[in-house]
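Per TrEMBL, these features apply:
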DNA_BIND  B:124-224  DNA-binding region
DOMAIN    B:2-116  domain 'Response regulatory'
DOMAIN    B:124-224  domain 'OmpR/PhoB-type'
MOD_RES   B:51  4-aspartylphosphate
């Protein structure tokens, strides 16, 4: 829910409730005032009747009037209590009113206000009912109701319009900052641009976000530089250990036990070295230092790679199947070679003896599927740094490097498990 | 052959010197830019192993100086920076090869041997080791007069062994030489064994002596002794 939708909802409800209360109060007040007015009229009428009776000692003649009806009725003495009542007023329609024909009656009831009183004329006790039509009062109230409803509708409309306007205008800087944040890439050198706005809150937000982004980028850069320098510095000591091992190997005859130790040492150094080279490579890819692009004939490249790997997968007795169509991409050949070689290495390494490896290259994608562990790998974790499956002797950086390379060239790398195959797919940009 | 090792890291310099010093080889060393410059201006070498980052100067400048004076020395750059730009710059300026630290001494030796071979046997592409003769241009191997059919990897292996004859070469070095460092397969060396076994078998079937010896389970030695 958008902030303004929320705000509007609350605002609208309060306004409507307020309007309804106001309408009700109006109704009560006007109704009260008008009823008082009617009551006064009725009192006047009563007074006139009483005066008339006082002087003439008989009941006045009753004329039919448009707004007033008076009725006299003989009742037992003192049985009438004077009071005002809300009653009905029977309104007679005019002789030529079309309603007479439609309803087959000569009139209709409308709300009325009455006064019940008594008069003694010629020793006779009469109950007097004076009724006046209240139809104008009802009309008035209806008008008030309509006006209130109209105002509520107008308010609603205005609120909707202003919120639209505000969303589009006032909140534009906010959305602009959001957009920048979404695009934010810590590895990119571009800074978050300064926003053109007069609103203090947004100005501040823009400043804070820019500062934060700049700091994050700076820290990241420092870290990368550190990694790069550290890796480079590692190269020399590794070179020394390596060369000393090579020299040691030339010295004397070793027994089997010493030979095994030497073997383990070589293996350890080799792993440090590969790890270090992988880290250096990652830094280079992230820094986009390998930017020489060229057309690469993927089919030929993959075929060459398969020849390179022949001894290795044959040694593991893997069954290789492949279907390669012509496909060219525009990228850095060194990195694409690493991408392919890492994927193929994984497919061999995490396979079992006598397993399968299937490669497919089409115009849309390159996929490599291999048998291996019988359950799926965790799709997100495998691409994180130093995530290793149990028993793997790899550096734990292979897939991280693959993903980074793919990101560099707008390729997407995904993992699926379709028992018994683990499938890695590189999707080419459309 | 006469070799100059320009390397400021003492331990590494000594290892290289040890490895290259053998009958018929003269190794000289320089540990900074100035001494390297003096030596390269005074003497000629079959091959100069040149580190790029040196105290007192850049190895690239030394290379430029050599080329400016038209000295024919072979140059192999050894650098701790695996940068494509450095590599291209070095090769553009006339270096014969470029090797990134860390490396195996056997790899270095094989590269240096290849450079010297290219420089000295002008046109003659025949490499001989006792009864084995190798036509480097045609990539043909003969034992006596009998042709031995080797796969490209077995051929590479044989050249590597001959360049490092009488040395123990580790399995790691062989794997990296044949498959390159991009192929991260060091967790399995069994297939190297089968390559060596095949090469040895083919050579011996053609009448060669058994030169390839396993050494302590760690490596192999190509030895005439």
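Here the Cβ of each residue, glycine as well, is placed from N, Cα and C on the backbone.
Remember, TrEMBL labels are computer predictions, not curated facts.
Residue B:51 (4-aspartylphosphate) falls within a strand segment according to DSSP. With DSSP states grouped into helix (H, G, I), strand (E, B) and coil, the domain 'Response regulatory' (B:2-116) comes out at 52 helix, 29 strand, 34 coil. DSSP states for the DNA-binding region (B:124-224), grouped as helix (H, G, I), strand (E, B) and coil, give 37 helix, 26 strand, 38 coil.
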